[in-house]
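The domain 'Ig-like' annotation in TrEMBL covers 103-190, 264-340, 346-434, 437-525. Residues or ranges marked as domain 'Fibronectin type-III' in TrEMBL: 538-637, 642-739, 744-837.
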Amino acid sequence: ILLFNRVSFVCLSAEEATGYGPVFEEQPVDTIYPEESPEAKITMSFSLLPAVGLPSHYSLVGGNLVISNPIKTKHVGQYFCFATNIYGTVISREASVQFGYLDLFSSEERESVYVKEGQGAVLLCAPPPHHPDELSFRWILNEFPTFIPLDKRRFVSQITGNLYISKVDSSDSGNYSCIASSPSISKSVFSNYIPLVPLLFLVSPIRWKKLDGQLPPNHELRMSGAHLHLYNVQFEDAGSFQCEAVNSRGKDYHAARVSVEAFPEWVEQMSSTEQDLSRDYTMPCVASGKPEPRIRWLKNGQLSHRKEMRFSSLTFDDSGMYQCIAENHHGVIYATAELRVYACAPTFEHNPVKRVMAAKNGRVVIECRPKAAPKPSFSWSKDTELLHNHTRVFIWEDGSLEIRNVTRADEGRYTCFAENDRGKANSTGSLLVTESTKITLAPSNADVKVGENTRMQCAASHDASLDITFVWSLDGRVIDLHKESHHYERTLNGSSNGELLIKNLQLKHAGRYTCTAQTPIDNVTAAAHLVVRGPPGAPGGVRVLNKTDKSVTLQWSRGADNHNPISKYTIQYRDSFSEDVWKNATTSPADVEGNAEMATVVDLFPWIEYEFRVIATSTLGKGEPSSPSPKDKTLEAFPVVAPSDVGGGGGTSRELTITWTPVQPQYYYGPDFGYIVAFKPQDGAQWMRVTVADPQAKHYIHRDPSIPPMTEYQVKVKAFNGKGEGPFSLTAAIYSAQDAPSEAPGRVDGKALSATDAIVWWLPLSQGNVDGYQVKYWRIPDDSEGGAETVVVPGSENHTRLESMKPDSHYLVEVRGYNSAGYGPASEHHQIHTKKPPPSRAPKIIGQKLKSHSVVNIAWEHVKPLANEAAIEGYKVLYRQKGHSTGTLYTTSKQYIDLPFHADGNYVVEVRAHSEGGDGAVAQININITGNTRIHHLLINSDHWTIKILFFFPQSNSKVYLREKLT
């Protein structure tokens, strides 16, 4: 404002300003529009004011951007919003519009998965094409909704959808289907079933390690060790991880690398600020992330090419809205701040020099903080005397006045003068001097036991006009009496007494206690030491000095005795078979004295990997255990445990099958563990011996053409390892295998039931050693016998149904008997010709009419089969209430039917043609039956897309027609 050739500068603070730059209260979010959505619009929230002149399809409703009748090729993309006022411009975060879909799984049949029991299995989901990428996966077993439970053996990857099963057993047998769900479009699809067939076998346990360091503490093993799970992943968890499987045959490894990346996040974030004209200023904006985020700057919505916002001399043009954007391929974050550059003469209007108090012999600082730009120069006066820097008085660079060793003579009025090139101003305050605070009763050193109580005294004198408070700290950390009230309590014994009661003392409460007596003006401290006697600390450095097959000698170093002598030590152990359970060890000597640092652990198992830890005890209790020793293995020894449950029998012709329960690994007692199997005929004198090198083997099959069928044998089994052989098991009697069937089934016959099914029958075999029949069938001339389908039938039956056949095709069928010894000869081939396929076109429903309050007439057009399809024999009509799995089925040769409805509700009606080849495609309609209003007539004209509805009201005998154009 120019008045009388003088310039007056107005300087407003942020609080005084009448407005501020734009700030987004709501940011747009990414939107997925389902391609199958019945709602033909997309709404994006921007918190905008209405606008005009938008292109077609776009409109603003209540501040939201609406895209009507969205088109994929036109409306997919990135959207953002500008907001502007007189203080500047900001832009919102970018939000994408995408079209989502989830196709059906492939209709191809899934191949069976065969896996040996004890090994891991992977069932591939192979999700169909979809967008966006995010899917959730579940699996069902045999039928919906029997979902696969996720436990220590089962895991579903939410990235690939694959189902992982560790240590497969017979209970895992069945048909599995993958369910893929898209949360973005609320749709799920099912895969065809995948049969899982477990085969008998055993494998060794799995171990994990990190090749470039220790396994992270934030890990756990799942699925019996087959799955290593890292939770709360940190950058330092990155590296190479290896799983290892070991048995007597050797080792196998597999390694994978884990890389850890991160979404951008702010390390240092800018905020709105006011800065002096011509001042140097740097706007902070630092982000972390992996990969390292790329930084971009915007000023008033326009891209700035600066790498950092550094100003060497601020001008008014530098004012505006600034945005820092940090981005990597995981995402983007925005920070927004307003910069205002100002200049004004000094003013104390909002921050005058204040009245302050100081204690005698203490120190005081009187602040001088005028509003001014650029920074002013400062000077001070006391009463009428101009002050200068000397030994007790100092004027700081920011204008504050410091006085040291305060005396009563320093009381008075103090004035601060501030001046810059825009003008000058001054403000006056005062200084009042009080008595200083002094400790009159200091705390004293104390010595107590764990669990006891003690008191720490503290009292002080102070200026009577001031309030006093007491603060206690332990080793420099302030004690929170509220949060730690179960151990600390202030005793109320006058305002000048700060005594502290410490209850139920623990070792952690030992240390230096400091009492601080403080007033609003000054404070004073006094300290004392507290010694707490308690159970010993943990020993250290536990290690194995030497070992035998059943003992180890340990050495350790003494831990802290916590001011009380150690009376004894307890040694504990754990092995790979006891998981995380620690057990007390037997030692020599039996009692390990408190002055010992070495002992021998006895009664261990040979060739077992152990860890050990040591616990110290005193008259005040048992201490914490030491860290575990490095894992170490005892020496090997002869095995002493024989296999149990020796038996056997059965198998194929000319075989002798011997079975047993394997010895548990903790009884291997050494490397190269295996079994020696001995057997002889019941009346024989010479034992035959065979070596089985697999320690987990459960059986041995001896094959010899000279073995007579169903002959009694004596068998026994013992263990061996690299050290020698153990004792034999008890002798068991078993029988050799029977012969396979020698005859072929006769009079094989059959016929086609439909386009895909047939039935076949035969004369049963007269032999008594038949367990069942195998039926094979294959299409000619396209398929060979090697690719035949197989059906297994019990020996008590002589017929079966053949399914999943091709329509209008010729098949050859053969039958053979089988038992545990194998398969007999095949029958003569029988030929079956399947029927033509059913109609592929569904009936076209042309009418639906209410004949009475409870009967609806449904009419449809006749289905004309194609040349290669079977002739129509009639129609099947099924109707059921919506949500019900069962209904009523009708068969008719007409092209209409009257359906009775006995209750109100929503109904589903299905119509299909049927022929000798089976049922054709289905047509479906929904019917809503209500109490007062019945749909009397419904006609749909598909050419003009109009619908005509007649409503009938029985009580008034009135009719109403509606005709609407369908959108």
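In case you wondered, yes, glycine gets a Cβ from its N, Cα and C as well.
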Residues in the domain 'Ig-like' (346-434) grouped by DSSP into helix, strand and remaining coil: 3 helix, 47 strand, 39 coil
PLDDT averaged over the residues of the domain 'Ig-like' (346-434): 94
Helix-strand-coil residue split for the domain 'Ig-like' (437-525), DSSP-based: 3 helix, 40 strand, 46 coil
Per-state residue totals over the domain 'Fibronectin type-III' (642-739) - DSSP helix, strand, coil: 3 helix, 49 strand, 46 coil
Counts by DSSP class (helix H/G/I, strand E/B, coil) across the domain 'Ig-like' (264-340): 3 helix, 48 strand, 26 coil
DSSP-assigned states of the domain 'Ig-like' (103-190) in counts, ordered helix, strand, coil: 3 helix, 35 strand, 50 coil
Residue distribution over DSSP helix, strand and coil in the domain 'Fibronectin type-III' (744-837): 3 helix, 48 strand, 43 coil
Tally of DSSP helical, extended and coil residues in the domain 'Fibronectin type-III' (538-637): 0 helix, 50 strand, 50 coil
